[in-house]
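This report concerns only the one structure given below.
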Amino acid sequence: MQISLLIAAVAAVAAEPPWYQKTWYPYLFDCSDSADWRDQYDSACSAHSANECDVETRSACPQTCGLCTPSSPKMVIATPPIMAAAVAFLFIAYLYVRIDAFPTGAEVGLARVDELSLKIKSGARQFLETEYAYLTIFVVGLALTLFFLFYLTEDENAYTIALSVSLSFVTGATLSASAGWWGMMVATDGNAKTTAACAGDRANGVPGSLNAGLNVAFSTGAVMGFAVVGLGLAGVSTAYVVLCSIYGDDDQALVMQCLAGFGFGASSIALFARVAGGIYTKAADVGADLVGKVEAGIDEDDPHNPAVIADNVGDNVGDVAGMGADLFESYVGSIIAAASLAVTQAQKEGDTLQGKSTQAIALAFLLPAVGIVASTIGFFAVNTSAQGKGWDVHLGTLMWALEKGMYLAAALFTAGAYVCVVQICGLGTNIFACVIIGLAAGMAIGKVTEYFTSFDFGPVMSIKDRGMTGPATVVIQGLGVGMISCVPPTLVLSVAIVSTSALGGAYGVAISAVGMLSTLGITLATDAYGPVADNAGGLAELSHLGKEVRDITDSLDALGNTTAATGKGFAIGSAVLTALSLLSAFKNKINDPTGYDVGDPVVLSGVLTGAMLPYLFAALTMISVGKAAAEIISEVRWQFKHIRNAKGISLGECIRVYTEKAEEFGEGVYRAAPEDEVEPDSDKCVAISTRSSVREMIAPGAYAVLAPLMGGFLVGPRFLMGLLAGAITSGCMLAIMMANAGGAWDNSKKLCEKLGLKKSKDPAKKEQQKACVVGDTVGDPFKDTSGPALNILIKLMSMVSLTVAPLLKDHKDYDHWEYGLIPTAIFVVLTLILGPMMNILTWDDPLANMVSGDAPEDMGKGSSSRSYEPLGLPTTGNRRNTVCKVIGRLLGGGGGVHQNLVTP
């Protein structure tokens with residue numbers, strides 16, 4: 001039905017082009033553009049000549065003239081996107097009904113699955129409530145700062161402008177946080193239903209299937225995708241209407257200045273959500289992997305591992321809430337950048353957009369609206385007939401189950417984009433080509449990322465092969481794969497930037513970013529599907545479900561790993577185009593006639609400083625993961641040795657019994673009697689991850705906001721231009737390298753599981769699998785913490801710069817440098833507080849007190865118990881030293897933490 005309506009609409013446009021000019025978008029055309037059809041009106045306007053149509057003549061025009069008294073431009077621009085956002089919300093309601101129809105664990109006789117899912121949901125909710133409490137203080141403080149900054153520096157309408165910018169900032173921040181919360185809540189509900197769908201209803205003879213699990217997980221992910229695009233498009237469109245109502249339709253430059261505050265708010269929340277969520281999930285993941293897999297030799301989601309619940313919580317707060325906030329910011333940022341450039345570029349003589357600012361602004365809002373409709377239709381194409389065979393699957397076959405939905409959405413969007421660009425807005429085929437180039441570039445980057453991170457291809461296989469010689473060569477090979485993976489995406493982005501710039505100038509680049517992100521509804525659904533599938537597999541293992549269920553959930557997880565990697569590549573590509581567009585908008589606003597020669601010492605100094613910032617940012621987040629993981633490792637080791645049941649059996653002894661029985665009867669066959677079972681204290685690991693991640697997010701987030709303010713006010717806008725250019729360049733390379741290297745390490749471990757190396761009787765193959773686990777552990781903060789956060793870093797600094805651009809306009813180098821002392825002083829004071837006072841920015845061993853026996857009560861129960869061999873199982877010194885040195889040096893900054901911990 002929807003497809004037939006769309007075809008009918010396209011046919012109507014082709015049959016009678018003038019219909020939309022007369023009834024829907026008459027304001028898009030100047031009088032001179034429409035002189036040939038003015039006489040078609042019943043009552044022609046006599047208040048202006050054939051080639052004149054300004055504000056004064058419009059006000060004097062009779063109400064019967066459709067040319068000079070069209071609907072309010074702001075409402076005509078905003079109505080289609082607001083209607084499309086309503087479609088997104090209605091579709092979400094349909095998805096809720098669809099998800100609600102799937103059985104819960106209790107309904108198929110698996111009540112334990114629901115109990116564990118509630119623990120995961122409780123942990124995720126606890127983290128977000130804690131994080132948002134801190135962010136509320138940040139948002140209010142920064143909103144007040146923006147208010148007083150603009151109030152004290154604006155010459156006219158200072159109070160109104162200051163209030164508009166600050167309220168736009170708060171609105172953007174609120175909607176960004178809401179998108180993350182919404183996605184996380186539904187994801188923690190969908191994981192149990194995905195497990196139930198994979199298990200089937202045995203009592204009624206209904207078998208579980210891969211397609212059933214895929215439908216549940218993808219429907220859950222789709223709620224996240226459409227929540228982001230619905231909230232984003234509705235929010236930015238409504239903000240645009242309100243600002244136009246305040247400042248008038250004819251002062252678009254001021255409207256865009258205030259609208260930049262909306263993007264600033266979204267960016268700041270996205271950065272904190274990504275950093276805190278990434279630190280949380282990877283601290284728990286690293287701790288669970290090292291102590292569980294490598295030391296104890298148990299499975300990834302073994303219910304006896306105290307860090308498993310925290311690990312599954314982290315999948316939701318990092319990969320769902322964090323990714324949602326990230327792409328929400330990209331989505332609205334690309335619209336704001338394109339609309340801002342439309343205003344400035346339309347004023348240039350001889351430009352393709354000259355005199356067409358309204359049409360160009362309208363297009364920036366229309367394309368995402370078309371993308372929502374196309375994504376809604378594409379959703380129904382997602383399904384698979386493949387069977388769940390665990391890790392023994394061909395990922396290309398499974399990827400097609402999701403890709404056909406994305407391809408259908410892309411095809412429908414292409415047709416709709418042509419109508420919007422050429423027929424409705426009359427901007428010509430050059431701009432349409434820019435949109436398609438952006439869409440194609442996003443898809444190409446996704447396929448390249450799949451090649452470098454899927455275990456179906458050579459790069460990941462080569463990392464697995466290096467495991468034969470130990471973890472060091474696994475790490476070396478993974479770094480090499482990550483570095484070389486920068487080449488194809490960089491070439492794709494370079495070609496896209498050069499070609500779109502040639503076709504449409506800076507606006508062409510910006511509208512290509514809008515095109516790339518227009519089908520975000522279904523693209524983000526495939527990404528958010530991954531952590532839901534991962535949680536489903538964890539719940540299956542935690543609930544001791546059979547191998548046939550694990551095979552299905554493992555197949556879904558294998559697909560999820562690849563979609564997550566391709567989603568990160570897509571996010572990086574869109575971030576670069578968006579940041580570049582924001583940079584162009586900033587340059588147009590500051591209007592420095594001296595230019596930005598890269599050979600100029602001031603500009604070059606800015607480039608070097610900007611190129612350094614992503615490395616500083618990545619280092620802070622990597623070290624944070626290392627410190628938080630060390631606490632998790634210590635806690636898990638303590639519990640293995642000291643948590644006991646009523647019969648006095650320790651958690652470690654219980655694990656040893658399960659290991660022996662698995663070797664005797666096979667995995668998943670033996671179940672201990674209830675009185676012999678030992679339950680770990682998973683709440684302790686959840687609390688450690690929550691506390692550590694919230695503390696550690698402060699420095700990276702604050703520095704990202706302060707850096708452009710310090711550079712712009714202390715030195716000048718030319719230095720800031722260089723800083724942004726350097727940050728975009730090095731941030732792009734570092735983000736691609738870290739995301740792809742981490743994804744390749746992760747899937748090399750999965751490839752070992754697919755090949756059965758862990759269960760092999762050959763000791764060399766077991767060691768090969770353990771070496772790949774170490775590589776995966778190193779790669780965890782690469783792909784899920786530092787790498788993804790760099791996308792937001794470059795966009796946030798660009799958005800901050802665009803927001804304060806009016807305050808830097810016409811400034812020369814070192815003009816009013818004294819203003820720069822304020823953010824510099826804040827930077828110094830904050831660093832002192834986080835360093836010596838709070839012991840966050842420090843090289844000190846975070847567990848030194850535990851090792852020496854002086855641990856605080858809330859950080860452990862006696863450090864002398866935190867020895868390396870919690871299970872009493874025989875271990876080799878070589879393996880112990882290798883694991884601790886590699887992880888300690890690559891994550892913790894020197895290995896001292898882990899070397900101390902292994903001392904009996």
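Any Cβ shown, glycine's included, is placed from N, Cα and C.
Values in this document were obtained by computation on a predicted structure and should not be read as measured data.
Lifted from TrEMBL, the feature list:
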SIGNAL    1-15  signal peptide
TRANSMEM  77-97  transmembrane segment
TRANSMEM  158-183  transmembrane segment
TRANSMEM  223-248  transmembrane segment
TRANSMEM  254-273  transmembrane segment
TRANSMEM  361-386  transmembrane segment
TRANSMEM  406-424  transmembrane segment
TRANSMEM  431-452  transmembrane segment
TRANSMEM  472-498  transmembrane segment
TRANSMEM  569-586  transmembrane segment
TRANSMEM  697-716  transmembrane segment
TRANSMEM  723-745  transmembrane segment
TRANSMEM  789-808  transmembrane segment
REGION    854-874  region 'Disordered'
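Remote same-chain partners of the transmembrane segment (361-386), defined as residues 6 or more beyond its termini with a Cβ less than 8 Å from a stretch Cβ, comprise 2-3, 6, 25, 28, 76-78, 80-81, 83-85, 87-88, 91, 210-211, 214-215, 218, 222, 225-226, 229-230, 232-233, 236-237, 240, 252, 331, 335, 338-339, 342-343, 393, 397-398, 400-402, 404-410, 412-413, 416-417, 420-421, 424-425, 427, 431, 435, 510-511, 514-515, 517-523, 525, 555. Taking residue pairs at least 6 apart in sequence, the transmembrane segment (697-716) and the transmembrane segment (431-452) share fewer than three C-beta contacts under 8 angstroms. Note on the transmembrane segment (723-745): residues 449, 452-453, 459-460, 463, 474, 478-479, 481-483, 485-486, 489-490, 493, 561, 564-565, 568-569, 572, 575-576, 579-580, 583, 586, 606-615, 618, 707-708, 711, 772, 775-776, 778-784, 786-788, 790-791, 793-794, 797-798, 801 of its chain, located 6 or more positions outside it, place their CB under 8 angstroms from a CB of the stretch. For the transmembrane segment (223-248), the neighbouring stretch richest in Cβ pairs under 8 Å, chosen from 254-273, 472-498, 697-716, 789-808, is 254-273. Same-chain neighbours of the transmembrane segment (789-808): 146, 149-150, 153-154, 165, 169, 257, 260-261, 263-264, 267-268, 270-271, 274-275, 278, 326, 329-330, 333, 337, 340, 571-572, 575-576, 578-579, 582-583, 585-586, 589-590, 613-614, 617-618, 621, 700, 704-705, 707-709, 712-713, 716-717, 720, 723-724, 727-728, 731-732, 734-735, 738, counting only residues six or more beyond its ends whose CB sits under 8 Å from a CB of the stretch.
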